[in-house]
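What follows is a set of notes on a single structure, which appears directly below.
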Amino acid sequence: MVNFGKKLMADQVDDWKGLKGSSFFCCNNKAILPEGLRNWENSAPLFWNNMIFHKFLNYVTHREVGRDLIKLLRFIDMNATGIRKILKKFDKRFGYRFTNYYVTTRANHPYSQLQQVFKQVGIVAVVGALSRNLEYLQHHQGSFISIYDHPSVILKDPIIDQVNHAVQKLTHATNFMQFLGQHALISQEDAQSGSEDPVDDQSYHFMSLLLNLVNTFLYMVNTYIIVPTADDYSVSLGAAATVCGIIIGSMAVAQVFSSVYFSAWSNKSYFRPLVFSSIMLFFGNLLYALAYDLNSLTVLLIGRLLCGLGSARAVNRRYISDCVPVKIRLQASAGFVSASALGMACGPALAGFLQTKFKIYSLTFNQSTLPGWVMAIAWLVYFLWLWLTFREPEHLTKTAIKPEPSESGKLSTEKKDGSPVIFCMKIGHQGIANLEDGLSQPLILGRDQIQEENTEDNDDNDSGWSHEPARSIASAYRLLTPSVKVQLLIYFMLKYAMEILLSESSVVTTYYFGWSTSDVAIFLAILGLTVLPVNAIVGSYITNWFEDRQILFASEVMVLLGIIMSFRFTPHYSIPQYVTSALITFVFAEVLEGVNLSLLSRVMSSRLSRGTYNGGLLSTEAGTIARVIADATITAAGYLGRDLLINVTLLPPLVISIVSIVATFYTYNTLY
């Protein structure tokens, strides 16, 4: 609430002063905006003899109306944020029961002032008319911009983007690119906040960004390329087919530790972690390929462990967050998720093409070893490309000088040498005197008090010296509210279910249906290819019709349904049952992942958006631990026999899914 008060004081405009309520301001401005659009029409006959001046006046008038509209939207957004925070505080004090009653009894009541906050049909109509008129004025032939009859390319007016951004922020609308970007849990700065982008176009290097995305793609290919053949490889080395769980999961075991040191390493460098990642993955895949001729399961597992130690996803995510300009960060985040999804689909598909066998000297090349050889060559090429073209970003650290208290107890405005201290603070529309009057006593708290207040309220929209990143696992854990813990549990559950489905697919389909390696590869590739279309439908349409928490709850129920359908209830286990249940589980787990990470980014403390122990690292660790446990479950269940494998491995995700649904029900009112 402290940071919200600061933002309210910094962003308010003169029109807000002396207002008794939001309804009066909204009604007044809703009447003024259409009047402004009509004013230019009334004055048009005076200027028919000067069409250029008329078009110019028309254009300027529309821009002024757009600025007034932005003020109105900002005012309504500030009121909506205030209502949300106040209700959130009441929920914490009264056991999460007040919000639903308050909103349901007042949001649709004809005499409620909340109508002005929640019902914005009139404003949206004005936005549409304003956008169409400005677009017409800019692109209409003979406009005032082409004074000298020279054609020119007219860019979209910035006022339209600002208005659309304000409307989108107010209504919580989303689109496909935003939905993909939220998967990455990468901090997206508010374009309207006015904060300076620390990354300028000169320091941004596109090739370095591309190398990070390629690293993400290759790593996901490396993870899933062995899934169709891991059971055959383990059998050829004298182990049981279900040992494929250990083979696949050993990479995730190492990733649990590599994510932490890569995240810490990225505080100092991006180039060296990526070089180290390439080297580890090259030698890891080399050992994986040589294990067949050495007839050693130990060498194979060491190779997979080395691959896991080369997981640089934390570096890839951190590079996008810190080294990509704000204006393209959303596209880069979407690219990160798309690269992961495509890698997940291409891995099994590539394994399906490697169905051959030959020897070169004493080295064997077959469907089991070729994935290792192919990926080793791919990482070698990537290493050379990285070494030649990657550019370490320039870390321009802008250290703000903190005011020190003087002997009298007041803040000093001078340095020790007598020169004035310059405070980098956004004053907005208010002067320094007004800001000091508003923030003098009530909002100036001690450092510990502000951190405690911010931790409790979860203000994610503000940043400052009180929002230092977590310095340890313990401090990060203390920032986890019940809502955050539930979202991490949901993420754990969906990753567990997906890993069980993917890792045991080769064993299950071979045992029950007699599928070949190519059949398994095609099946897994089809599952992977559903990721982007499903996200496109959810991000472009579903999230505009329903709240994220509603989609979250429905997706959890559907994942539970898919898990139940996967159980073998009769001696005969049919292909339609397996394929249908797998599609339901996988597709709705993907939907659940996107909505889950979206909500996680909202309810998580802003102190977890930066630093080594950030929200992305926590979600990665939760998902990786889930994969490790799931793969270990497959191997352990194998000792009970293949006939019981599918039912035994599905019991844990069934229980966790039910627990997550119950936990979501109890924290439902905190998911804004």
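A Cβ is built for glycine as well, from the same backbone N, Cα and C atoms used for every other residue.
TrEMBL labels come from automatic prediction, so no person has curated them.
The domain 'SPX' annotation in TrEMBL covers 1-104.
Per TrEMBL, the feature transmembrane segment maps to 209-227 (among others).
Per TrEMBL, the feature transmembrane segment maps to 239-262 (among others).
Counting only same-chain residues 6+ beyond the ends of the transmembrane segment (274-291), those with a CB under 8 A from a CB of the stretch are 211-212, 215, 218-219, 222, 226, 237, 262, 297, 299-300, 302-312, 315, 363, 369-373, 375-376, 379-380, 382-383, 386-387, 390. TrEMBL lists 274-291 (among others) with the feature transmembrane segment.
Summarising the annotation, TrEMBL assigns transmembrane segment to 328-350 (among others).
What TrEMBL lists as transmembrane segment is 370-388 (among others).
TrEMBL lists 488-514 (among others) with the feature transmembrane segment.
As annotated by TrEMBL, transmembrane segment applies to 520-539 (among others).
Feature annotation from TrEMBL assigns transmembrane segment to 551-569 (among others).
Positions annotated as transmembrane segment by TrEMBL: 575-600 (among others).
Within the chain carrying the transmembrane segment (644-668), a Cβ under 8 angstroms from the stretch's Cβ atoms is held by residues 96, 242, 482-483, 486, 489-490, 492-493, 496-497, 500, 504, 507-508, 511, 549, 552-553, 556-557, 559-560, 563-564, 566-568, 573, 629-630, 633-634, 637-638, all 6 or more beyond its ends. Residues or ranges marked as transmembrane segment by TrEMBL: 644-668 (among others).
Per-residue confidence over the domain 'SPX' (1-104) averages 59 (mean pLDDT, predicted model). Remote same-chain residues near the transmembrane segment (551-569) are listed as 490, 493-494, 497, 501, 538, 542-543, 577-578, 580-586, 588-589, 591-592, 595-596, 599, 646-647, 650, 653-654, 657-658, 660-661, 664-665, 668, 671 (criterion: CB distance under 8 Å, separation of at least six residues from the stretch ends). Sequence-distant contacts of the transmembrane segment (488-514) (same chain, at least 6 residues past either end, Cβ-Cβ under 8 Å): 224, 227-232, 241-242, 244-245, 248-249, 480, 520, 523-524, 527, 552, 556, 559, 562-563, 566, 573, 575, 578, 582, 585-586, 589, 592-593, 596-597, 600, 618-619, 622-627, 629-631, 633-634, 638, 642, 645-646, 649-650, 652-653, 656-657, 659-660, 663-664.
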